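Asks: Before anything else, here's the structure in question.
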Amino acid sequence: MSEPFKSGFVAIVGRPNVGKSTLLNHIIGQKIAIMSDKAQTTRNKVQGVYTTDESQIIFIDTPGIHKPKHKLGDFMVKIALNTFQEVDLIYFVIDASTGFGRGDEFIIEKLKNVQTPVFLLINKIDLIAPEDLFKLIEQYRDLMDFDEIIPISALQGNNVPNLLEQTNANLEIGPMYYPKDQITDHPERFIISELIREQVLQLTREEVPHSVAVVIEGIEKNPKTEKLTINATIIVERSTQKGIIIGKQGQMLKQIGMRARKEIERLLGSKVFLEIWVKVQKNWRDKEHYLQDYGFDREEY
C-alpha cells in the first residue's frame, strides 16, 4: 500500500547574500527567485513549488533580514517575520565562508520565539575546511536547539537530496495545493519584471540597484508569429540614476534589455521583443502609494 501524500510550507530565511535564492532555484530547477551578489535582492515572497509522487513542498523565499533603513526595508523585514508564523518548517540559511555575524544573532533571537521547527542550513561548505565546519556547527548548536543542522552547497547541490529527505520526514499528510507541473504561484508579469530587475542589479553599481522597481506596462502576442512584445518601465529615484541605467549612447540599457530578453525567452519558450523605458519617481521607496503601485502591498503580507 502506498504512503499517504504529504505537503507543507517551508520558509527560507537568513541574512542577505547567504544563498537563499540559489538554493530555491536549485531545488525547483528553474530560475524563479532572482539572484545577485547585492544585498536585498529578493523583495516579495516568491513561492516555489516542488512536487514529487510522495509530497509537495511550497517554498517561500523571504527577503534577507536586516535592520531597516527606509519604508521598503521595513516592509521587507515585516514580510520575513510574518512568514515564520505561517509555515510548517523554517530553513535558516547561513554562509559558512563568513561565519557567525550580528545579523545571524538578530535572526536567532526572532526564531527562538516561534513554535515552528527550524533547520539550520550551513551553505557554501565548498569554501571552508572540514575542521572549520565542525567548529561552526558547535558554535551554532550552543546558540539554539535546531531540529536539524545540515551542511550544503546550494550552488553545487551538495547534500540537497538529504535536505529534501529530512524535509519530507517533517511534513504532515496533506493535499496537493498546486498542479504537479506548476513551479510558482507568481504571475508571469511578476517573474518577467524580476528578470529585468536582476540584470539591472548585475550590471549597475552603487546606489542604483536598491532604487529600482520594474513595472510591466503590457504584454502582447502576435497571433501569426507567436512573438511577444513586452513593454517595461524601470523606475528610479534620481535623474543621475536614470543616466547610469541608460548609459553612454544608450549602451547600458541595451545590455540590460538584451540579457533580460534571453532570460525571458528561456522562461516563456517563445521569441520576445522587449522595449524598456526609464522613469524617475523621486523617493518612491518611502512613499506608501508608490510601493503599492510597484507591487508591494502591505495587505498581502
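Including glycine, each Cβ sits where the backbone N, Cα and C put it.
Taken from Swiss-Prot, the feature GTP binding site covers 14-21, 61-65, 123-126. Annotated domain 'Era-type G' per Swiss-Prot: 6-173, in sequence order. Annotation comment: Swiss-Prot describes 204-282 as domain 'KH type-2', evidence class sequence analysis. Per Swiss-Prot, the feature region 'G1' maps to 14-21. Here Swiss-Prot flags 40-44 as region 'G2', drawing on sequence analysis. The annotation region 'G3' is assigned in Swiss-Prot to 61-64 on the grounds of sequence analysis. Per Swiss-Prot, region 'G4' is recorded for 123-126, and the stated evidence type is sequence analysis.
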Asks: Cβ under 8 Å to the region 'G4' (123-126), counting only same-chain residues 6 or more beyond its ends: which ones?
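Replies: Contacts with the region 'G4' (123-126): 18-19, 23, 93-97, 133, 151-156, 158-159.
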Asks: Can you break down the region 'G1' (14-21) into helix, strand and coil residue counts using DSSP?
Replies: 2 helix, 0 strand, 6 coil
Asks: So, by DSSP, how many helix, strand and coil residues make up the region 'G4' (123-126)?
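Replies: Breakdown, helix to coil: 2 helix, 1 strand, 1 coil.
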Asks: GLY14 (GTP binding site) has how many other Cβ neighbours within 10 Å of its own Cβ?
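Replies: Cβ-Cβ neighbours of GLY14 (GTP binding site) within 10 Å number 25.
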Asks: Quick check on the binding-site residues: of ASN17, ILE125, whose CB has the lowest count of neighbouring CB atoms inside 10 Å?
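Replies: Sparsest of the binding-site residues ASN17, ILE125 by Cβ contacts within 10 Å: ASN17.
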Asks: I'd like to know the mean pLDDT over the domain 'KH type-2' (204-282).
Replies: 84
